[in-house]
Each structure stands twice: as C-alpha cells, then as structure tokens.
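Pulled from TrEMBL, these are the features on record:
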type: DOMAIN; residues: 129-375; note: domain 'ABC transporter'
type: TRANSMEM; residues: 461-481; note: transmembrane segment
type: TRANSMEM; residues: 493-513; note: transmembrane segment
type: TRANSMEM; residues: 534-562; note: transmembrane segment
type: TRANSMEM; residues: 574-594; note: transmembrane segment
type: TRANSMEM; residues: 601-623; note: transmembrane segment
type: TRANSMEM; residues: 692-716; note: transmembrane segment
Amino acid sequence: MSTLSPADKELDISETVVNEGEDVQPSNPVACKYHNKLFLLPDESIPEDNSTSIENVGLSSITEKDIKSVENVESGKANGDIAFRSDSNTLQMENSLIDPSKDVKKQISLVWDNINVSVKVRPNPIKLLASKCLKKEVIGVTEIPILRRVSGSVNPGNLLAILGSSGAGKTTFLNFLTHKALSVRTFKVAGEVFINGENCSRFELAQISAYVQQEDIFIGTITVKEHLIFNALLRMGNKFSYKEKLERVKQVIHVMGLNKCKNNTIGLPGYTKAISGGEKKRLSFATELLNNPMLLLADEPTSGLDSYLASTVVGCLKTLAKYGRTIMCTIHQPSSEVFSHFTHVMILSQGRVAYLGEREGMVAYFSKLNFMCPKNYNPADYVINILSVIPGKENVCKERIETVCNQHSLQYQHTESKSVTNNVNNSRPWYKPMKFTAPFWTQFLVVFWRELRATLRNKPLIVVRFLQQFFQGLLFGIVYWQIPDTYARIQNVAGLLFLSIIGQSIGNVMAVVHTFPGQLPVFWKEYFSGMYRIWVYFLTKTLAELPFFIFLPIFFALVVYFFAGLSVDAGKFFIFYFILVLAGNASLSLGYFISTVSPTIAIALAIAPLLIIPFMIFGGLFAQSGSLLSWLTWIEYISWFKYGFEGLMVNEWVGYKFSNDTINACLNSTMNACFKTGEDVLGFYNLNADNFWLDVGAIFVILIVLRVIAFVALMIHTLIRAYV
C-alpha cells in the first residue's frame, strides 16, 4: 500500500492498491484518474507547461513506461476523464472547480410547487372576421395544458433525470425554471419556486443557474479556447484575476476532455464543421463550468451522441453532482449504462408527474402498481412505454396514465420536500443584485475582440465582398467606358453616379440583413446570462464590420472612376470615394435596422427592397424635387440617395467646361439648350454647388439616426423577449 500525498487525499483518492512488486515513491507525483483507475506519473514525465491531461478518448499521450497503475479505486468514483496535478496552486483551483462542497453557502436545494403551463391557441384572424360577419359563434382564445400540477424537489448531490415520451413537457419544465421561451402572449404560466426554502422568482433562478440547451449555440468562426476565454473574462467577475481566469479555462478544457480540439474553430452549421457533436456538447458544459455553477440544468445533453459519448457526458455530470452540485437534465431514451449514472428520476407523462424519487426505487415503485419490469430490460424504456399514448388505444393509455399520476400525487407530500433544506444555509448567498459581472469597458474590449476575430476568420465572406466590389465596378466601368465630351456625357455621368450609389447601398444592405437574425440566439443567451449590455454588443458588432465597408469600396471606385473617364483629378477622386463610403454606410444603418426587426433572414430579405425603393425614387434622378405628390415629398429629405447624388454631381461638374466643338455642334442642332459649363448642368438638374458640405452633413446625420433607430429596435426586441 502506497501513501498518497496530502494533496491527493484532498481529492478523495484513497484506499488504492499498487500492483504487487512495484515501488511507487515519486518525489512530485501527478495523480491522474481515468475510468476508475489512478495513475501516478513520475516527476520527469511532467511537462514544463504544467498541462498534463488525460484525453477523453484514452491515454494515448502517456506511455507504458510513464504509467504505474493503481487498481481498486474506491467504488462510485466518476467515469469522467479528469486530470489533476499535485502542485499546490493548480491542485487547489482544480479541486475548487470540481468540489464546491466545502462552501456550504454554495449548495442549493430547489423546490418547485404546483407548476401549470398551458399554450394559448388564438383563432385564425380571417375565420374570426368571417364568424363575426356571419354572426356565428366566435371561439376565442383556447388553452392547451402542457404541464399540470407539477411539484417536486432536488437536493445538492443529486443528478436528476427527467424522463418522458415526446410531448410530455420535459423541455417546457426546464424553460419554466429558467424563464426561457415562455412568452406571456403565447403561454399561461403559474407556480412557485423555492431555493433553500425561500421563495425565488424565475428571474433570480435564471441568474444563478447554468442552463445547457439542447441546441449547441456558438460563434462558429472562433476556436474552442477563444470561446472559453471570452466567457471566462465576462462571467467570472472581478474576484478573479486575469491569470486565474486563464487558469480556469485550462482546467475546464482538461476536465471536459477538450485538449485535442482546443485550437480548432467550432464551425458554422451548414457551412464548415471543425469539431464533432460530442465535443460541442462537452464545450457547452465547459462553458457553464467556468463560473462554478451551484445549479446546473441541461436539456437533452446526450442528443446526437453515440452510446459511449453519451455515457461519458452523463458520467461527467455525475462527477459534478457528487461534489455537492444540484443537477437536473432531460433525457430521451437513455441506455441502461447512461441510466445507471443518475441518482434520482422524475417521470413526466401528459404534463403530470408519474414518479419522482431515487432511481434504485423506481422499479419497486411500479411493481407495487402491478407494472412488473421484465428481467434484462432497461427500466427507463419500460416505464416510458407504459406511460406513452399508443395510437388506436388512446383512451386506455390516458386512463392508465391518470391512474399512475394520481397515485403519485397521493403519496407525494410537498411539505416534506420543503423541509429537506434544513441542513443548507438559508442566507440567500445565491442572489446576485448585479446583473453584469464585468465593467462596461471590459465588456466592450472583450466583445470587440471576439467579434473582430470572428469577422476576420470568415474568409469566404471577405473574399465574396471583395469580388462583389471589384466586379461591380468592372461592370459599370465597361458599360460607361470612357464617356466622351459630348452632351450625351451629361446623362451618362448622371446615370453612372446614381448607379454607383445604388450599387453601394443595395450591396451593403444585403450584406448585413442576416447579421442579427443569424446571431440573435447567441446574443440572447449571453445577454440574459449577464455577460454584456445590449449597446456593447451592437456597437462592437458594427465596429468590427466597419473596416470592410470603408476600405473595400476603394476597389469599386478605382475601376469605375478611371474606366469611365471621369475628371482626372486626385482630389475629386477621393471625394468620389468618400461620398460613396458615406452613402454606403448610411444604407448600412438601414440594413442593421431591417436586421434587428426581422425574426428570420427570409423576412429581412423580403423587407429590404420595400424600404430601399422609396429612397431611390426620391433620390433626384428619377423625379425632380417637388414634382411628385406633396404628402410624399418628405421622403426626399431623409434619402441619402438625394444628398449623395447631389454631392457626386457637384464634385464632377464644378469647374468642368465643354469643348468648343461640342458647343458649336449643339448650336447647329435643334437642341433647346446648350450648356457651356458644368454649372449649367447642375442648374438643369436643380442642384446647387453651394450645398456640397450640407449634403455631406445630411448623409452623416441620416447614418447616425438610422444606426440609433436600429439599436433601439434591437433593445425593444430583446426586452420583449425577456418580459412578454
């Protein structure tokens, strides 16, 4: 029998037996636990970067020479792949990450009482109007129950599995607890939640709990490690130093077995795939572990995983629960091995609780109700089958379900569930009066760092935007190749300049209408977790994309300007480029507004043309100012097309003089007017050269106002999701 160091004893690794005949006495051992076996690594095998880890797939990084196996680890140890170092600093932090049980204040007992959730079904507006016109009976809003009188509790150290057939209400139950996806307009909710014996609102519960959703939501263009660093800097608060936050990132990477993929990009769904589904699921848990949560909820954590990965993920949850955390997760058709990891089970059927208690007592409970689980049969599958509604036997099945649920209601004593919190400190240490853990300047810098990296990593999009500018300029330049010094130049130049503004405007709007609909799930998840403010996200998102809309138009301007043969003057070229950038960014603000108010990308693409066309019509080329309906003329004063067109025309025509040959040809023709200078052309279009800087200022004001409106729209959209 070898004697372990005090550090190893703190990890509760004891009663280990060294293989007979081996003398294990390393000076600074590293204790690594893998599948209920303890491995002691000699001092010389420790890397200098203190990053010894055990990968989730095995011990490929450790040779037989380095490993001395110790058998018969205390039964009940976790099956997760967890690496521990025995140096005091790292060991202390990893121990605190896995084992929060020494701090009694951090433990949570959760009780839910009489939860009822129903969905509101509203009548079809057309049918409702027809019924009123025909004076028929009008059917108002009907309610379909999803959860009915659901009560129960879960205590520190419990790993609770929420089972049930599809439609039983499992996800709705978790959404109720975490205040997610249950809008007041769509759902009617009722019920109470208690933490450590005290009443708790669902807003407070959402603050203190970690919720791993069924769908893994990430920014796909950053790496696993960058994602965890981003979350650590914004979620861990000021009580940890920057160095300690990076150390925590390293620890959760080790704990969740993400070392192999830590430098891989996460991947964009439908475009690129960089890490596997199992690694994404473990990354979701690693993200929540950064803040050492007291209460962890997971919706279908094994969804999309094979049996081995599913067992590994649930094994990690069992490890976390063993050290005093309270963990609940829904699970669909668990295998026997996965089911054996859970300590407690809650079974939902038709929105009611059919069983809530210890996993080991479930079979005996249903045996008393004359439902005998066959030998060598998965108890979870058996119970779900008897509590499912079979097509063609709906009445019999529903009657059986009601009988089982009623029996549970009679046996469940809710007053007893409240008393289980007597041994837990009730000083409300879980309540966080501050919504955001990081100061606003930290939020801004960290979110901007993430958004800039994510944007720069999206190389296909950058290439497409460059090609769009270049080939659009090439097309316009070829069509308007070297415009001659004739009176036809007047119309051609006006058409080219207006088309240039249209090209930049439509291209920019279409480039960003997908920005917020595609990333709103990520933003809402992070915002409601208290990571950053709304304005921080909006400002950093727009600033990260701004360089592309400032510098890429130079390729369009270079090709168009010189291919078309506009004024050969460096100053006029840069003014041409400047006005295009300014008008393009004004349209960009409109694109952001469309993006923030649109729930889907398809709707955003449908709305965009309807909003752009009116601004184009009143831009000064298709119709003269004041010649259209008076009650619509206000549109021209907020159209960046109007101010941009006037600015470009002034820039091109001021100082321009037609040749004598062109003027004489005009005088000898039947034309009504002959222009000698560019100022005459501006007068023909009712444009004023003195308005140039007024036009520039007007475009800038439109840019800012539309950008502010877009931010307000995003804020309203977010607040509606939170409170309505």
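Here the Cβ of each residue, glycine as well, is placed from N, Cα and C on the backbone.
Remember, TrEMBL labels are computer predictions, not curated facts.
Source: prediction; values computed, not measured.
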The transmembrane segment (574-594) touching the transmembrane segment (692-716) per 3+ Cβ pairs under 8 Å rule: yes
Same-chain residue ranges lying at least 6 outside the transmembrane segment (574-594) that approach it to Cβ under 8 Å: 500-501, 504-513, 515-516, 542, 546, 549-550, 553-554, 556-557, 561, 566, 604, 607-608, 611-612, 640-641, 643-644, 647-648, 651-652, 696, 699-700, 702-707, 709-710, 713
Contact ranking winner - 461-481, 534-562, 601-623 against the transmembrane segment (493-513), Cβ under 8 Å: 601-623
Same-chain residues near the transmembrane segment (534-562), Cβ under 8 Å, at least 6 residues beyond its ends: 440, 443-444, 447-448, 451-452, 454-455, 462, 465-466, 469-470, 472-474, 476-477, 480, 496, 500, 503-504, 508, 511-512, 515, 523, 526-527, 573, 576-577, 580-581, 584-585, 588, 592, 707, 710-711, 714-715, 718
Arithmetic mean of per-residue pLDDT over the domain 'ABC transporter' (129-375): 83
